[in-house]
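A.B. asks: Take a look at this one; I'll ask things after.
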Amino acid sequence: MDLPTGWLEGLGYSPLLIALLALVGASLVILFLAPAFFNLLKKTKFPARFSFIKRHPKRSLAFIIVILVAIFGAYVYYSFSQPVRIVFAGQLRIERLNALKQVQSDDATVSDNSGIYLLDIRSRKEYAVEHLKQSDNKPADRNAAGMAPLDGVDLVIYSTGSRFTEARRVADVIKKNEALLKGKYTKKPGKVYIVRDGFEGLKKAGLATESGGFD
């Protein structure tokens, strides 16, 4: 896989990585304490209904680890299935690398079939100085609040890293507008990604940029 610049920084703040580390840590602790666990079982009297634990200590320990893995799997599924996700630029590029490459290709347009739409909500002036290639600009203080989730296309919203709350506010309005348009989508509305480290993070992650504003 083509790992982007800044991918490690993005993953460092990923709740999925934190959950994975917690799972690995808990599993190692359980395995480390396994001998003490087995000795404790020998000395402990269990009710008849829990006699399986004493008769099969290794299976019981394995069952605990399976439960931890199941909890982690449920958390991963929950995180990726959310209609609105807050991500770092490094995470986004790793997860949606092919779509980002397609939308930023030389022959692409903002509204192509890559399945992803880059929405820059910074000011027109900031956008003109430098912006992501094939991104659209709808300033938060102007017309971005009038948007709704796109039909079958994921929406990537970002401002500057220091104005992350601005991007989050626009995303909240967009999701509210989705409810007003319920039943009018021909496909399932796309997910909304909010980039926590903003334009600077996306640039650092290796996405192509260009200069120039609107005519």
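The backbone N, Cα and C atoms fix where each Cβ goes, and this holds for glycine too.
TrEMBL entries are annotated by machine, without manual review.
So TrEMBL lists these for the protein:
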TRANSMEM  16-41  transmembrane segment
TRANSMEM  61-78  transmembrane segment
DOMAIN    112-211  domain 'Rhodanese'
A.B. asks: What counts of helix, strand and coil residues does DSSP assign across the domain 'Rhodanese' (112-211)?
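C.D. replies: Summed over the domain 'Rhodanese' (112-211), the classes give 36 helix, 25 strand, 39 coil.
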A.B. asks: Could you tell me the mean pLDDT over the domain 'Rhodanese' (112-211), as a whole number?
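C.D. replies: Mean pLDDT across the domain 'Rhodanese' (112-211) comes out at 86.
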